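Per TrEMBL, the features are as follows:
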DOMAIN    125-208  domain 'SnoaL-like'
Amino acid sequence: NGKDDVAAKLTQRVNEAAPGTKLVLEKVADGDLSSGFTWHFEVEGQQGIGLRGTTFFSLNSDGKINYVREVAEPLFKPGGATAALLKAVAENSMKNGEISITEKPAVVTRVPVDAEDMVNYLWRESNGGDMNLALNVFDDDIIYEDFNFPAQFLGKDQVREFLKEFDIPGITFVPEEISQGKTRCCFTWRVEIAGIEKATKGVSFYEIDPDTKKVIYVRDIPEPAIKPPPLQTLASKLRPGIRRFSPLE
C-alpha cells in the first residue's frame, strides 16, 4: 500500500529481471479514467513467450494512478479440479445451512452498446445467473482463456461446456471495479462462498466486435491461494526472464 511500497515492488521486479527481458502489451482497454491490459514476458533472443497476465488500473481526479490489481497466470493449472472443489464447498455449506439457493430475478434481454456495458450487463444485471444469456452475446468464434486450464476454449461450443462446469449453485461471482472501454474492458472481481467475502479474487478482460457487439475474447485469471505461488517462485529463479519453466510457442 502506498507509493513507497509500490516503488519498492517495481524496483525489485526490475532487479530480478534477466537481461533482455521485456513486458509485451497484448490488448489494451480504451478507457480514460480506468483501463487495463493483457501482457506477457519475452526475452530477447529466445523464442516463444513467457508468463502471461492481466493488469487493471484506475486514475484519480488528478490523473494519477490510485489503484492497480495485477494477476499473472498460475504455472500449475488445476483445470476441472477447481470446479470440483467449488462444488464440494458449496454443497457442504448448503448441507450445513450456511447458504441457501434463491431464485435470481429475471433479466431484461438487451444488446449492450460497448464493452463496459457488456460487463455490467453480464455480471451486474444478470450476476452470471443465466448461462444462455452469456452464450447469446458470445461470438461463434470466441476465444476464451481461463488460466485454471492449460488451453484456450475455442468457439461457442467449447465455451458452453466450460460454463456448464462452473455453473455452481451457492457460488456468487461479484464484480468490483469495471473499467471504461468501448471495445475492450478490464475488471476486477471476487468469488464468495458460503458468505465468505473474497474467497477468491481475480481480473478479467473482455473484448467485443465493434460491429456485431458480440464478445470475441475473454481472459480470466484468479489470484493464487498462496502468495507467491511456489512453482512461480521456482520458475522465476530458473528462468527469471520469462518466469516460467519453458516458453509458450
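Cβ atoms here come from the backbone N, Cα and C positions, even for glycine.
Per-residue confidence over the domain 'SnoaL-like' (125-208) averages 88 (mean pLDDT, predicted model).
The DSSP breakdown of the domain 'SnoaL-like' (125-208) into helical (H, G, I), extended (E, B) and coil residues amounts to 17 helix, 42 strand, 25 coil.
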